[in-house]
Amino acid sequence: MDTDPAMANFKVLFVLTQLIGLTMIVLMGCWIGVHMGGLAGTSNPSIEFNWHPLLMTIGLIFLYGNAILVYRGFRSLRKKTLKLCHAAVHVVAFVLTVLALVAVFDSHNLRSEPIPNMYSLHSWLGLAAVIMFCLQYVAGFAAFLAPGAKQSVRAALLPIHVYFGLFGFILAIAAALMGITEKAIFSVKDYSNLPSSGVMVNLCGVLYVIFGALVVYLVTNPNYKRKPLPEDTVLLTSAND
């Protein structure tokens, strides 16, 4: 696999994806720290909100995307190890997503004049992405990680799992783009004149799109598909798989 010319391209694009993802997180942190008042707890609900875009960027975009890439980015590991890594990264993403949701609901409900919840298209699509993420995890755990499922059932469910995993990831990015645009319209002074705060939030959105496009490309390009290892064949015929 190391001598495959396609893998040289994959490694370059994989590293580029990680750099863009990390830049996306740093830029979101800078936007929050420099222009949005930083971070706070429940004592300051309007600032507590800032945990929401930061944790969603880390959890439901960066970690979600990397969980999808685990099988291709670490192809030399055994299949069972990759399954555990895939599941573990999703768990961390789920925890951060829950904390992000707590922050946004607190920021609405704990104000002196509460703000209504779940009225915008961003909130609808965002909640749909979270629900799909959770259903995907439960279904994937039951079908591919928990013992007992037949190999024929796993083979039949795999394309469905892959499709809805990618769809949920794209949906999360779409919801994030709506969310940061909505926040910018409400919070950035003279947004139409493109101040530095507006430039930063727009760049965050551009990085969301580039990161998402690279993840989808890397995971759907057949040239980059992980080739089974000899021990994978042993696992498939083992009762413990």
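Just so you know, glycine gets a Cβ as well, placed from its N, Cα and C.
Taken from TrEMBL as is:
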DOMAIN    16-220  domain 'Cytochrome b561'
TRANSMEM  12-34  transmembrane segment
TRANSMEM  54-72  transmembrane segment
TRANSMEM  84-105  transmembrane segment
TRANSMEM  125-146  transmembrane segment
TRANSMEM  158-180  transmembrane segment
TRANSMEM  200-219  transmembrane segment
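This prediction places the mean pLDDT of the domain 'Cytochrome b561' (16-220) at 96. Sequence-distant neighbours of the transmembrane segment (158-180) (same chain, 6+ residues past either end, Cβ-Cβ under 8 Å): 52-53, 56-57, 60-61, 64-65, 68, 120-122, 125-126, 128-129, 132-133, 136, 139-140, 143-144, 201, 204-205, 208-209, 211-212, 215-216, 219-220. The stretches the transmembrane segment (12-34) and the transmembrane segment (84-105) do not meet in space: the count of Cβ pairs below 8 angstroms, excluding pairs fewer than 6 apart in sequence, stays at fewer than three. For the transmembrane segment (125-146), the list of distant contacts is 56, 60, 64, 83-84, 87, 90-91, 93-94, 97, 101, 118, 153-154, 157-158, 161, 164-165, 167-168, 171-172, 174-176, 178-179: same-chain residues at least six beyond its ends, Cβ to Cβ under 8 Å.
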